[in-house]
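What TrEMBL says about this one:
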| type | residues | note |
| --- | --- | --- |
| DOMAIN | 16-244 | domain 'ArnT-like N-terminal' |
| DOMAIN | 283-460 | domain 'Protein O-mannosyl-transferase C-terminal four TM' |
| TRANSMEM | 12-31 | transmembrane segment |
| TRANSMEM | 95-116 | transmembrane segment |
| TRANSMEM | 123-142 | transmembrane segment |
| TRANSMEM | 148-169 | transmembrane segment |
| TRANSMEM | 176-193 | transmembrane segment |
| TRANSMEM | 199-217 | transmembrane segment |
| TRANSMEM | 224-243 | transmembrane segment |
| TRANSMEM | 336-358 | transmembrane segment |
| TRANSMEM | 370-390 | transmembrane segment |
| TRANSMEM | 396-414 | transmembrane segment |
| TRANSMEM | 421-442 | transmembrane segment |
Amino acid sequence: MKILHWIRKEWVLVILLLVLAVVSRFWLFGYPDRIVFDELYFAKFVSHYFLHSYYFDIHPPLAKLIMAGVAQLTGADPNLTFGYNAINEAYPDGFYLLLRGIVSFFGSLLPLAVYALSRSLKFSVKVSFLAGLFVILDNAFLMQSRFILTDAFLLTFGTLGLACVIYAIRNTIYGIRYTLLVVGSLLLGASYSVKWTGLLFLGLALLFVILSVAKNLKLILKSLIIILVSSFLVYFISMSIHLGQLTKTGPGDAFMSVEFQSTLLGNANMSPVAEAGPRPPSFVSKFIELNSRMFSANAGITAGHPYGSKWYTWPFMQRSVYYWYDRVDDSHEARIYLIGNPLIWWGGLLALLFILFVKPGMRIWRRPGFDPTTFLFIAFIANLLPYIFISRVAFLYHYLPSLVFLCIGLAYVLSKIRNWWIIGAIVLVITATFIWLLPISYGTPLIREQFDSRMLLRSWE
């Protein structure tokens, strides 16, 4: 009876997280009815699947395929004459609502995925609930879940996939173990099929397997093969569907070789009959070329950006990202900035430092084996390390995978406070800060003085 009561209690908390996430992500749904930031690109890319015209993106296609697929299943059609010419351009119809709704759906699942990851690492229900709640109360996670952007897909797939793999390795029942392992691997593949930065979660899963069952070489090899093969299968299939859908000439032709272009209907280089024409490449050749061009295009981005930032500034949230602006009247302006909840970002960083240096019983180097706090620290750092070597411009949202683990770390440190009233007071202040910043997350109009009061750092603007 006690076990049943505990399960019911935990499910109540999970449902509460879901309700809070849905309310916050869908509040003022559809506002603004104009193009916000990179919706300019992603919404346009989705429309190309309806035209079957080839486009080129530096990111893998899964998120765009999901949005286009759901749209086709529901019978929704985009306005194919709409140009997506500039940020703040008004949408011609309600098609954008469907795309934003899909993103918000996945964004609403992220707190549950973080809860599952925390529980898989054997943190308590209290820690896991607080971690999920902090994801809900962070303004940066909120914003990436409201607009036609792809980070909500990446983070939800990656976090849930990692949780499934950890649960699998810790489960001794054969059928459950390998079912979870395959499901987790497919989700990990889905994560890096959205953006290559999702490879972080794959790397963490592989690391967990190796360190957790170091003495069982057979289980390690079997698990690694399942993870690598299953995840790559998702990537390969999503690329296959992508190339299979984009069969006509389009704006992305110029990025590809003449041989690749020869496979596109209507392209000037299409010459399937003439002997002098280029020989159409095989699908595998097209797959390899597309990935090669994506890598080259990523590496070739040398131009800066006024809202770009360096990786070492992200934990301090030194620079925001300006998403949208509209002047409502002579005294009110509507602005959207990518800014996180400073109490979660800075508090989480302090929590990590506290775990590392202050609390003797919590210092990770004094603990034998591979424990959850060690994993949080490794995961936090692992997301930042690649950016040391990446020269292309990066933005604050690239920090969000690290923030997932920082939320769990903050929840863990707060859980050590024995007085629930103190914990409640801290959560209340975090909630108040979240609400206070909502006007620049949702883009509701403010007078200049109200806006300035929310720019805690001059560098944010």
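Residue numbers in this text run from 1 along the chain shown.
Just so you know, glycine gets a Cβ as well, placed from its N, Cα and C.
Keep in mind that this is a model prediction, so the values were computed, not measured.
Beyond the ends of the transmembrane segment (123-142), by six or more residues, the same chain brings 9-10, 13, 17, 20-21, 24-25, 107, 110-112, 114-115, 155, 338-341, 344-345, 348, 372, 396-397, 400, 403-404, 407-408, 410-412, 414-415, 423, 427, 430-431, 434, 437-438, 440-441 to within a C-beta distance below 8 angstroms of the stretch. Within the chain carrying the transmembrane segment (176-193), a Cβ under 8 angstroms from the stretch's Cβ atoms is held by residues 60-62, 153-155, 157-158, 160-165, 167-169, 199, 201-202, 205, 223, 226-235, 238-239, all 6 or more beyond its ends.
It is 370-390 that, among the stretches 95-116, 336-358, 370-390, forms the most Cβ pairs under 8 Å with the transmembrane segment (199-217). Contact between the transmembrane segment (421-442) and the transmembrane segment (95-116) does not hold: fewer than three of their C-beta pairs are under 8 Å, each pair 6 or more apart in sequence. If you average pLDDT over the domain 'Protein O-mannosyl-transferase C-terminal four TM' (283-460) in this model, you get 89.
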